[in-house]
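Step one of this worksheet: look at the structure below.
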Amino acid sequence: MSGQIAHFNDDNFDSEITEGLTLVDFYADWCGPCRMMEPIIEELAAEFSGTAKIGKLDIEASQKTTSVYNVTSIPTMILFKDGNEVKRIVGVKDKDSLKEMISAEMSI
């Protein structure tokens, strides 16, 4: 993992979340709060490079995955561990809250 944000879609989603920790930011380009989260997601991707995958999924381009995970409000961040959802946060959150959530799952 290079510290860059991963880009998920309906085609690659299942294979991308199967191993380790993966934080997925469900977003839309037109969503103001989602745009507010972008720099935070970028910083988390850099900080967790090599230990957790951090990425984004455009809800309009990936409606199947959005529906499967019942994402009805954005931004929604879902943390997966070995392919299983372990935490979900809806709405804008600060970097420290997200960092704490990821770190807590790393120690389990």
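Any Cβ shown, glycine's included, is placed from N, Cα and C.
TrEMBL annotations:
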ACT_SITE  Cys31  active site, nucleophile
ACT_SITE  Cys34  active site, nucleophile
DISULFID  Cys31-Cys34  disulfide bond
DOMAIN    1-107  domain 'Thioredoxin'
SITE      Asp25  site 'Deprotonates C-terminal active site Cys'
SITE      Gly32  site 'Contributes to redox potential value'
SITE      Pro33  site 'Contributes to redox potential value'
Secondary-structure category, per DSSP, in which Gly32 (site 'Contributes to redox potential value') falls: helix
Secondary structure content, the domain 'Thioredoxin' (1-107) (per DSSP, counts of residues): 38 helix, 30 strand, 39 coil
Alpha-carbon distance [Asp25 (site 'Deprotonates C-terminal active site Cys'); Pro33 (site 'Contributes to redox potential value')] in Å: 12
Between Asp25 (site 'Deprotonates C-terminal active site Cys') and Cys31 (active site, nucleophile): CA-CA distance (Å): 12
Fewest-neighbour residue among recorded sites, criterion Cβ within 10 Å, set Gly32, Pro33: Gly32
Among Cys31, Cys34, the one of these active-site residues whose Cβ has the fewest neighbouring Cβ atoms within 10 Å: Cys31
Mean predicted confidence [pLDDT] for the domain 'Thioredoxin' (1-107): 95
Chain-internal residues near Asp25 (site 'Deprotonates C-terminal active site Cys'), provided their CB is under 8 angstroms and they sit 6+ positions away: Cys34, Met37, Ile41, Ile54, Gly55, Lys56, Leu57, Pro75, Thr76, Met77
